[in-house]
Amino acid sequence: MAASVVVESGEDVFRKMFKFYKRRDPPPDLRDVTDFSSGVKKNCSKVMLLTAVSDEEAACVGLQPIRDWRAFGLQGYPGFIFISNPFLRGSQAFWVRQCLKTYPQKPNVCNLDMHMSPSDTQEIWARSAQALRWEKRQPKTLLERLRWVTLGYHYNWDTKTYSANSYTPFPADLHMLSVRITVACGFPGFNSEAAILNYYRSDSSLGIHVDESELDHSRPLLSLSFGQSSIFLLGGPHRQDPPTAMFMHSGDVMLMSGQSRLLYHAVPRILPALPQHAALLEELSCASALQTGSVLEPVSQEDWDVCSRYIQSSRVNVTVRQVLGPGQSFPEEPINTWSQRNVWL
Ligand code: OGA
Ligand code: MN
């Protein structure tokens, strides 16, 4: 833990650490933040992944051959796997384009739908693309006002639940990517049923929480990060447990499974990407470099100009979730019928 964080017993250590890394003035000391992009660190071990995914299958979703992945485990966090940017050169751009142009489109749901009509949120990309080219923009474009998008079973932020009657088809390309990663990590049969995309500006953060709304916690939670870097805090099963701080750079993938599936975590800070991470993000694959059968499509220079401008000050994180176990279904709705309530009273 950073020397300057003084924690007395009984205090919420996680909250202290969150505030420490979120602080702007003076900026926090980042020496205790684990950086997996620079090799094996203390308390980390290299993880050997399964080669059940062929090089072709990996390349079809923009991933390097599994044997080349730099995957790490963290002491004290069984089931947590950190894969330091396993994407092929030139392929991150496709996933960024999907997150900015494709996934915010209807029928998917986004924060702008909460106070705007569907006709106004129909064309987030088209209505932002032109204006994003201008240096000084007022008012902000829809893309800049985007905070979250939900896919598949749409997460209800008020009730913190998913439900059978709020579902739209999950994007096939993102499912394919999720399957390839989870298979390589030893979880065959993963069903991508829901995803939450978070869009972070340079001053955004994500509070301390556990992802427990999914009905089956035996399935892993998959996280993909693109754009600017961030600090991720991974705590324990209790708020009092001190968290471990790590950097998440563009292309990094994380898997929370087993005993690490239900741990407290948070993103206190977004940091500018270092040149070596930004350079990989900025590369574009040309059509001829794509594997036959690839789900990737070349990203046009015109689209990339817009993505690049946006992502230079933003971070996008995608968490893919399996909500239901095999054969499981949502409880009958509504669950709080009077007869049930009377039993409890
Ligand atoms: C989440 C989450 C982490 C991130 O959406 O539940 O924890 O890196 N995201 O944005
Ligand atoms: Mn989470």
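Note that Cβ sites are derived from N, Cα and C of the backbone, with glycine treated the same way.
Pulled from TrEMBL, these are the features on record:
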BINDING   His209, Asp211, His265  Fe cation binding site
DOMAIN    191-324  domain 'Fe2OG dioxygenase'
The domain 'Fe2OG dioxygenase' (191-324) [mean pLDDT, rounded to integer]: 95
Per DSSP, three-state class assigned to Asp211 (Fe cation binding site): coil
Residues within 8 Å of the His209, Asp211, His265 Cβ centre (excluding the Fe cation site residues themselves): Ile208, Val210, Leu263, Tyr264, Ala266
Summary of DSSP states over the domain 'Fe2OG dioxygenase' (191-324), given as helix, strand and coil counts: 25 helix, 49 strand, 60 coil
Fewest-neighbour residue among binding-site residues, criterion Cβ within 10 Å, set His209, His265: His209
